[in-house]
Structures are given as structure tokens and as C-alpha cells.
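What follows is a single structure, written as C-alpha cells, with notes after it.
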Amino acid sequence: MQLYTYFFTFSLVLILALADQENKSLDFTQEGGIAKRGAFQFSYLIKKYTGRNPLDYWGYGCWCGLGGKGTPVDGVDWCCYHHDMCFNSITQGPRPTCSKNAPYHKNYYFSGLKCSTGWLTSKCGRAICACDIAAVKCFMRNHFNNKYQNYKKNIC
């Protein structure tokens with residue numbers, strides 16, 4: 001399963017990089033619509049509401065991107081920390097809301113910065129959506145500091 005997660009993450013990064021390189025839109029979904037994969041929805045929300053390329057957050061500080069350790073370096077990094085902890089809370093424990101890999105492929109509905117509570121959205125989808133929306137709102141409140149991009153994780 002870990003290999004699947006790395007492969008999917010690499011594929012997502014490659015797709016986003018190619019879309020940015022060719023100045024194509026990252027709008028994988030329409031507002032209020034549904035994307036092919038949950039990770040695309042998170043990327044869409046980041047782009048739409050922060051104006052930044054989602055890849056800007058990849059490797060930012062100690063917690064953004066794959067894995068995470070140490071103390072977050074600033075507000076944006078704290079957003080990533082809380083996003084990771086949010087996913088942990090819905091995928092771990094005696095009765096998890098979602099399977100371990102669901103946050104990377106489970107679809108959800110949203111409108112603006114609100115998750116849909118309609119019958120088409122599962123309990124897991126709503127939980128993932130809530131984690132993603134909270135992270136995007138956090139990104140919007142915090143200053144993105146370029147010096148923490150591609151941060152050396154070994155000093156975390």
C-alpha cells in the first residue's frame with residue numbers, strides 16, 4: 001500500500017507540474033462539482049482560494065508534502081501539520097471514518113468553502129472535505145514565506 005501511495009503522489013505532482021508548465025487551468029472540477037480524485041479536489045481548492053500553485057506547498061517547511069516531523073516552522077507549516085493530524089484522526093483508531101488511503105482518492109462535494117452534506121457525499125467524503133477546507137482556510141490566513149519552500153527536512 002505504501003508503494004501505491006508514493007506512486008499516486010508522484011503522479012499527482014507530475015500532472016500538476018505539467019499543467020503549470022503549459023499554463024493550463026488546474027480546475028479539475030467545477031465549483032459544486034466532483035473531481036476524479038480527492039487529491040485533485042484539494043489541489044483545486046488551494047489554487048482557487050490561495051492563488052498559488054499547489055506544488056508551492058510541496059516540501060514547504062517540516063510538514064507540507066509527504067510525511068512530516070519536528071516543530072512546524074511557521075503558520076503555513078502549522079496548516080500542513082493540522083491537515084496531517086486531521087487525516088490521522090479520520091483514518092486511525094478503533095473505528096476510523098475512512099480507510100488509510102481514502103484521503104488520496106475519495107471524492108467529495110463542495111460549494112465554495114463549504115462541504116456538502118447531501119446524500120451523495122459519504123461520511124468519509126465529508127470528513128476528508130472538512131480536513132481539506134480547514135487547511136485551505138488556514139493557508140489563506142497565513143503568509144507564505146518562500147524561504148521555507150523546499151525546506152531541508154533533516155533539520156526539522
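Glycine too: its Cβ is placed from the backbone N, Cα and C atoms.
So that you can see what the record holds, here are the features copied from Swiss-Prot:
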| type | residues | note |
| --- | --- | --- |
| SIGNAL | 1-19 | signal peptide |
| DISULFID | C62-C156 | disulfide bond |
| DISULFID | C64-C80 | disulfide bond |
| BINDING | G65, G67, D84 | Ca(2+) binding site |
| DISULFID | C79-C138 | disulfide bond |
| ACT_SITE | H83 | active site |
| DISULFID | C86-C131 | disulfide bond |
| DISULFID | C115-C129 | disulfide bond |
| ACT_SITE | D132 | active site |
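Projection of Swiss-Prot feature records onto the structure.
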| residue | record | Cβ contacts under 8 Å, 6 or more apart |
| --- | --- | --- |
| C64 | disulfide bond | Y57, W58, V76, D77, C80 |
| G65 | Ca(2+) binding site | Y57, W58, G59, C80 |
| C79 | disulfide bond | A135, C138, F139, N142 |
| D84 | Ca(2+) binding site | W63, G68 |
| C115 | disulfide bond | Y108, Y109, T121, R126, C129, A130, I133 |
| C131 | disulfide bond | H83, C86, F87, I90, P103 |
| C156 | disulfide bond | G61, C62, G68, K69, G70, T71, V73 |
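Residues near G67 (Ca(2+) binding site) in space but far in sequence (CB under 8 A, at least 6 apart, same chain), listed by position: K153.
Under the three-state DSSP scheme, C62 (disulfide bond) falls in the coil class.
In this structure, H83 (active site) is part of a helix by DSSP. Taking all protein chains in view, 23 other C-beta atoms sit within 10 angstroms of the C-beta of H83 (active site).
Cβ neighbours within 10 Å of C129 (disulfide bond), excluding its own Cβ and spanning all shown chains: 24. Under the DSSP three-state reduction, C115 (disulfide bond) is assigned to strand. Around C138 (disulfide bond), taking its Cβ as the centre, 17 other Cβ atoms fall within 10 Å, counting all chains. For C86 (disulfide bond), other Cβ atoms within 10 Å of its Cβ number 18. Other C-beta atoms found within 10 angstroms of the C-beta of C80 (disulfide bond) number 21, with every protein chain shown included.
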